[in-house]
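Chemist: Encoded as C-alpha cells, here's the structure I'll be asking about.
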Amino acid sequence: MRPSLLRSASQLLRRNRRRDYSAAAGGQPERKVAILGAAGGIGQPLALLMKLNPLVSSLSLYDIAGTPGVAADVSHINSPALVKGFVGEEQLGEALEGSDVVIIPAGVPRKPGMTRDDLFNINAGIVKGLCTAISKYCPNALVNMISNPVNSTVPIAAEVFKKAGTYDEKKLFGVTTLDVVRAKTFYAGKANVPVTEVNVPVVGGHAGITILPLFSQATPATNALCHEDIKALTKRTQDGGTEVVEAKAGKGSATLSMAYAGAVFADACLKGLNGVPNVVECSFVQSTVTELPFFASKVTLGKNGVEEVHGLGQLSDFEKEGLENLKGELKSSIEKGIKFAHAN
Ligand SMILES: NC(=O)c1ccc[n+]([C@@H]2O[C@H](COP(=O)([O-])OP(=O)(O)OC[C@H]3O[C@@H](n4cnc5c(N)ncnc54)[C@H](O)[C@@H]3O)[C@@H](O)[C@H]2O)c1
Ligand SMILES: O=C(O)C[C@H](O)C(=O)O
C-alpha cells in the first residue's frame, strides 16, 4: 500500500475509534465513581455493576486490602469505564481525587443475633476516617453511605463534613434502596402483579421498625390485600436484612441484592448530575419532613444532588402509627452518631 494511503487509512481508523468511544459513552460528561470497601462482599459485585454502567468513565476501587486483584479482574470487561485499584490509606487521596460520586460499603457486616447498632463501635470510626478524606480530596462529590448503622453513619458523615467546612446537605445520602427493592419484590409476590411495574415508597430510616414501607401508596394499586397481608409485608420488609443474615448463618449480610440496590441508587445520582429530569429515589437525607433532622423519603436528584425532598403523602392509619413508633429509635440513633463525631 502507498505510504499516503496507509496514512489516511490509519487516520480514518483513529477517527472511527474516537467515534465508537463517544457513542459507547453515550455522549455523556466524564464521571468518576469511587467505591470505598471495594474488595468486600458488597464492594466486589458493586464494582462489577458500576463497570457496566455507561455513565461511568472512571472507576476507582479502594480498600485496605485486596483491591489490586478486584481491579485487575473487573478492568478486563470491555465497557468504557477505566478501572484503577487503590490499597491502603496512603493511596486513599488518589482514589478519591476528582470523584463525582463516592459509594461507601466499608465496614463490618452483622452476624446472627446482632442488630445494626451493634456494628456502631467499629463502623463509626471507619466512616469518620473515610469522610475526613472525602472532605479533603473530593469535597463536592455525592456521598452514598451504605455502611451500617446507616441511621448513625449518615449523621456522623454530616458532622465530619461540617467540621471540615465542606458540608452540603444536598450531597449526602444514606442508601435505603434495598428496602425499596425488597418492598417491591414482596408486594409483587403477594399482590400477584408484575414486579417490574411495582413502585413502593419506603420512608423513615434503615433498621427494624424505622423502615416504614408505604404499601397504601404502592402501584399498581390492588384491593387483593387485606390488613393482615399489609402487616405481614411490612414486617417482612423491616426484617429483610435479618432474613438474609440468618440464612447466611454467620457468613455476613446481604451483598448481592445490596450491590444491585447500590448500583440503582448510584445510577440515579449520575443521571441527576447529568441533568436527566424527574429522577426520584427514596434516600435517608437531611430533612424537614418530620421533626427529625434526617429522614428517608422520596428525593428528586438533580445536577447538585438533592433537588427536592418530598413529603410523605397520604398515610393509612397503620402507617401513621408506624411513623410515630419509629421516631424514638431513629432520633436516638441520629443523636448517637452526632455525639460520636463530636467526641472523636
Ligand atoms: N445500607 C444497606 O442497605 C446495607 C445493606 C447491606 C449491608 N450493609 C452494610 O455494608 C457494610 C459492608 O458489608 P459487606 O457485606 O460488604 O462487608 P465485608 O466485610 O464483606 O466488606 C467490607 C469491606 O470493607 C473493607 N474495609 C474495612 N475498613 C475499611 C476502611 N477503613 N477503608 C476501606 N475499606 C475498609 C474491608 O476490608 C472489606 O473488604 C456493612 O456495614 C453492612 O452492614 C448496608
Ligand atoms: O441487615 C443488615 O445487617 C444489612 C443491611 O442493612 C440489610 O438491610 O440487608
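Indices start at 1 and increase along the chain as displayed.
Quick reminder: no glycine exception, Cβ is built from N, Cα and C everywhere.
OK, TrEMBL features for this one:
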type	residues	note
DOMAIN	32-174	domain 'Lactate/malate dehydrogenase N-terminal'
BINDING	Gly37, Ala38, Ala39, Gly40, Gly41, Ile42, Gly43, Asp63, Asn123, Ile146, Ser147, Asn148, Met258	NAD(+) binding site
BINDING	Arg110, Arg116, Asn148, Arg182	substrate binding site
DOMAIN	176-340	domain 'Lactate/malate dehydrogenase C-terminal'
ACT_SITE	His206	active site, proton acceptor
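Distances, neighbours, how buried they are, the whole picture for these features please.
Modeler: The domain 'Lactate/malate dehydrogenase N-terminal' (32-174) scores a mean pLDDT of 98 in the predicted structure.
Its Cβ taken as reference, Ala39 (NAD(+) binding site) is surrounded by 22 other Cβ atoms within 10 Å in the chains shown.
For Asn148 (substrate binding site), the number of other Cβ atoms no farther than 10 Å from its own Cβ, over all displayed protein chains, is 26.
According to its DSSP assignment, His206 (active site, proton acceptor) is coil. The number of other CB atoms found within 10 A of the CB of His206 (active site, proton acceptor), across every protein chain shown, is 28.
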Chemist: Please name which of the recorded positions listed here, Ala39, Gly43, Asn123, Ser147, His206, is nearest in space to Arg182 (substrate binding site), Cα against Cα.
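Modeler: Nearest in space to Arg182 (substrate binding site), counting only the recorded positions, is His206.
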Chemist: I want the residues beyond Arg110, Arg116, Asn148, Arg182 whose C-beta is within 8 angstroms of the mean position of the substrate site's C-beta atoms, in chain order.
Modeler: Pro109, Pro149, Val150, His206, Ala207, Gly241, Thr242, Val245, Ser253, Ala254
Chemist: Are there residues of the same chain, six or more positions away from Ser147 (NAD(+) binding site), whose CB falls under 8 angstroms from its CB, and which are they?
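Modeler: Non-local contacts for Ser147 (NAD(+) binding site): Gly37, Ile104, Pro105, Ala106, Gly107, Asn123, Ile126, Val127, Thr153.
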Chemist: Give the subset of the binding-site residues Gly37, Gly41, Ser147, Asn148 lying near ligand 2, defined as CB under 6 A from any of its atoms.
Modeler: Asn148
Chemist: Please check the binding-site residues Ala39, Gly41, Asn123, Arg182, Met258 against ligand 1 and give me the ones with CB under 6 A, sequence order.
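Modeler: Going through Ala39, Gly41, Asn123, Arg182, Met258 in sequence order, those close to ligand 1 turn out to be Ala39, Gly41, Asn123, Met258.
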